[in-house]
Amino acid sequence: MACHASGGLLATAGADRKVLVWDVNGGFCTHYFKGHKDVVTTLMFHPDTNKTLLFSGSADATVRVWDLLAKAVSEDGWTLLTAGRDKVVNLWDLHDYVFKMTIPTYEVLEGLCAVKSGTELASFLGSCNLQSGKRRDRSSSIYFITVGERGIVAVCLYEQKSSDVTVSSDTDDSPRGFTAAVILPLDQGLLCVTVDHQFLFYSLVVHLEEKFELMLSKRLVGYKEEILDMRFLGEEEKFLAVATNLEQVQVYALESMSCSYVLAGHTEIVLCLDTCVSSSGRPLLVRLWNSESINCIGVGMGHMGGVGAVAFSKKWKNFFVSGSSDRTIKVWSTDGISDDADQPINLKAKAVVAAHDKDINSLVIAPNDTLVCSGSQDRTACVWRLPDLVSVVVLKGHKRGIWSVEFSPVDQCVITASGDKTIKMWAIANGSCLKTFEGHTSSVLRASFLTRGTQFVSCGADDLVKLWTVKTNECIATYDQHEDKVWALAIGRKTEMFATGGGDAVVNLWYDSTTSDKAEAFRKEMLDYNKAIQIAFELCRPRKLFELFAELCRKDGGNQIETALRTLGKEEIHLLFEYIREWNTKPKFCHVAQYVLFGVFNIFLPTEILE
């Protein structure tokens, strides 16, 4: 589609090889063009509203000019620039539609933008042109930007050194790179669109000696694929690390939910992740990343199958544990690794154990770093003593594979979530099942403790998130905000919030609204009390007034009474004194009378009371 500069016309084209022009306000078709022999892939109106020309490009390798109202047109309006998958940019003279010249780009092109004079980018390109010894008249120079399959932004004398596009592994033949680009108005930079539905915003950065660079300033991810795992990141938990069915880990800023950066290095899909803050205060992830410098500082190699679970040390933060489809658990030391390492160091396993008969789905380390618990498809969970991985107890009782395990932050127990639709709580001391929680209608995929172990939250293949109270075995809330399996659950230990993600490619952030809900309920209740007190005064009902004040006394004593008294006028206060005098003479009523009197003395000045 293309919109005319006036906003009144819209051109559309597609696989039917036709070009249509529509009246936006009226909603009817004004022009109908035929001539292309293949899919029409791009449209553009002439930027000058006085020139009624429309340009269309097709997979038949032609550009057609329709007499009406560009892919890109030079600023004087008489040079057309076209780019295609033949790896060249062609320039055409619009006076007589004659071909002028070809510029090779050596890559399949998907986007082309003409740089207008007067912009910050045009001025630097002009100065670079002069420095390179090309004394050509600036007014006749045509500068343009191209993007294509390499994921590189190229503009005249400048080309990016590396791509910001999150491409798949080199063996993957799927399309990659950019699909479109547009220069933003008011020198706001460049916007590029990638094959995997990301918007990349570039800003012009000027260095010394009048050198410039296009720096990635913002990344918006339009489609996150299926979300497999998530963790909050950093000391203040202001970031969320997300693993999707891609080879990269995407890190989002919670404040804006824009993708701050991408961690690329794995050659296959990232199945799981965990985070911690290192002893130096820098946040880390497993395939050991320094998330501040965005460097991979350590790699643990040795598993014979996909790594389905990882867990960081909670207390000392100098080791982590991994579990794999090869049915083994390994303990890896991070001692001696520098946070500032330029190249990743090969990590060494301190201990290995053949832990289960089937794939290992989940691992968790106890808060004091003495134990690790593993959950497997073999329907068992095992507790191991660290660092030697000596078996402590085996937890048996689930009828299907175990997807998630979690230590209680306060008690000597573990919860497990299983494909048998249940969550169980186990005693570590003897391996006995303490409680069973039922309520999910499909496999329970994650479960984690909240509010110092008094509650936990679970999510499953039934698309639901449930909140449970440990003491009563009750599900106190069910949330239906996902449209597919909820694979990922991340708990914020400091922010009192949690995040969920799943097969619907959606990340939901949740926060504890208990306090705000209570405050809102209290506010509404006080409005009701204040209204009732006003009516009781208007109808001269001292008995009803006493009952209302007595209820406020039982709820919160003086504070709520003072709130109610502030709404009264002078005449009502005078009448209230008469009622208080009567109530104070009776033992049954005197306590409430004193409460109300105390509230009056707190609010009003002595001179007002004397009046």
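Placed from the backbone N, Cα and C atoms, the Cβ positions cover glycine too.
What TrEMBL says about a protein is an automatic prediction, not a curated fact.
As recorded in TrEMBL:
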DOMAIN    528-610  domain 'U3 small nucleolar RNA-associated protein 13 C-terminal'
REPEAT    1-25  repeat 'WD'
REPEAT    33-68  repeat 'WD'
REPEAT    300-333  repeat 'WD'
REPEAT    353-386  repeat 'WD'
REPEAT    395-436  repeat 'WD'
REPEAT    437-478  repeat 'WD'
REPEAT    479-510  repeat 'WD'
Within the domain 'U3 small nucleolar RNA-associated protein 13 C-terminal' (528-610), residues counted as helix, strand or coil by DSSP: 67 helix, 0 strand, 16 coil
Contacting positions for the repeat 'WD' (300-333) when only residues 6+ beyond its ends and CB under 8 Å are counted: 268, 271-279, 284, 286-288, 346-369, 372, 374, 376, 384, 386-387, 389
Outside the repeat 'WD' (437-478), six or more residues from its ends: residues with CB under 8 Å to it: 400, 403-404, 406, 408-411, 415-425, 484-489, 491, 498, 500, 502, 504, 510, 512
